[in-house]
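Undergrad: My structure is below; once you've seen it, I'll send some questions.
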Amino acid sequence: MKMILFRKFRVLILMVFLIACSMHIMIDLLPKLERRSSSACSCSQTPSEEPQNWAKHRAKPGSESGWPNKHTLRILQDFSNEPNSNLSSHSLEKITVGEKSEALKRFEQLTGDEKRHATRDSTFKNAVVKGSRLSALFEHPLYTRPLPPLTDEDTLFNVNTDIRFDPKAAENPEWNGEGKDGNYAPTGEMSSDSYPNWLRFHIGINRYELYSRHNPVIDAMLKDLVSQRITSVAMKSGGTQLKLIMTFQNYGQALFKPMKQTREQETPPDFFYFSDFERHNAEIAAYHLDRILDFRRVPPVAGRLVNMTKEIRDVTRDKKLWRTFFISPANNICFYGECSYYCSTEHALCGKPDQIEGSLAAFLPDLALAKRRTWRNPWRRSYHKRKKAEWEVDPDYCEEVKQTPPYDSGTRLLDIMDMTIFDFLMGNMDRHHYETFEKFGNETFIIHLDNGRGFGKHSHDELSILVPLSQCCRVKKSTHLRLQLLAKEEFRLSALMEESLQTDTLSPILIRPHLEAMDRRLRLVLQVLADCIEKEGYSNVVEDDMVAEGMNTGTVPQR
């Protein structure tokens, strides 16, 4: 009797196991079944019907809507500023990486004159608009200083045996302009002028700048970020908040930060800097501010209104992202993705009904082709609710930094001062790391990535951001002169920012109080520098980086 009961119990356990497996398989196959059933439907839908029936949206012939068979997204770059962000990326899309590598290899084979034509400033000049402060600013002598002559060692891409291109690149035909369907077709010979704009941006990077002042490629690439068809979307790994990697029809890629707050919302006073929301409009404004300051260390960023159904949900190949879409009680399309914080139904991103705005930041070159090094910011905050960082309790902290490589020579310490001023004008307290291109060693600019926590408070000036400047009392002469210029009434930083931001699709980007706050903060920066000069003398504070025309190198005197 006991044996019979034991056998029946085993059979019951086996049946429960089989049922559980069957349900798991059915759940996994559900997206594919929905795609087949929806593709069999021949009825059309009006735009107003789409939000209510997004899961049954009819797949158009030749499109990638529905659930793809294979994850083929290539993760090009880690934009998180984390210590592992300088590791080489791993590509899953061999064809597109091969095409990128082939184009870069062909760039190496150009003659010297052709290479200089592709990387140095073109003869293009923005037309001077009557009454335009921005045009007048960019014609000022401080904004027309030439670069030193560029050698192969000063350009990011040239004949360099250390760069390992994808071996499949040689097997892939090259592009030659845009095809009938908007993609870049593989035929014939290429010149640098026929490269897609994102690639022309990449090959223009050099030791001194991410892009030149009057390069028309940058404006063209900003238009691409707004108009190029999105072919693939996936979540970016790492980071505290949701960010998406978008791939375009011309194989370019950008980092998308969706709108989380309105422009009028100010960060509550009790919020810690590390728990604040990242703002898409802050990324856009940071790019324009960086350009006005003539640093040119922020990759181009543009605002875009995205259709969450057609441009995210229908083209994503990220299974985890696809499963987080839902319809809110207000009948809007929402999703929340996966991340460390703020990725739940309580913090979902919702469209109206399926339109959402966000910032698109152009990717830097693939880490496999142009490695970057990640550096810990010496004035990094503690990221703890009670503990303070060393620089907050030691007034002589900068003296230790000055004796530590790479801050004991070259322009690195002065570049940190530039970044400090840049962050203070935005109110950004979240500068924990920064990056440089490994090829250029320590004699190069630092890249200002991840600016989403700027422009959170217009009613408060966070003076602790200026501590590096007040402790070190060092600044470049060119930076000091530009700050004085931007404080003059005929230019005025707030007016320049307002004019520059009007060119973005999502304008207005900043509300008036944020613009006025920048003028106020600029006066505070100049006051700190004036106090330093009074205390230590002009020559000990202002480092003359204009001795050799256009040279942005030099040494930090040892004291």
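Placed from the backbone N, Cα and C atoms, the Cβ positions cover glycine too.
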Undergrad: Which stretch does TrEMBL mark as region 'Disordered', out of 105-125, 168-188?
TA: 168-188
Undergrad: On the 0 to 100 scale, where does the mean pLDDT of the domain 'FAM20 C-terminal' (325-542) fall?
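TA: Averaging the confidence scores along the domain 'FAM20 C-terminal' (325-542) gives 93.
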Undergrad: Measuring Cα to Cα, how far is L364 (ATP binding site) from D430 (active site) in Å?
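TA: Pair distance, Cα basis, whole Å: 21 Å.
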Undergrad: Which site among A362, L364 has the most other CB atoms no more than 10 Å from its CB, taking these as binding-site residues?
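TA: The most densely surrounded of these binding-site residues is A362.
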Undergrad: I need the nearest neighbour of D430 (active site) among the binding-site residues Q241, E278, A362, using C-alpha distances.
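TA: When the Cα distances are compared, E278 comes out closest.
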Undergrad: Would you please pick out, from the recorded positions E278, D430, D450, the one with the fewest other Cβ atoms within 10 Å of its Cβ?
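TA: It is D430 that, of the recorded positions E278, D430, D450, has the fewest other Cβ atoms within 10 Å.
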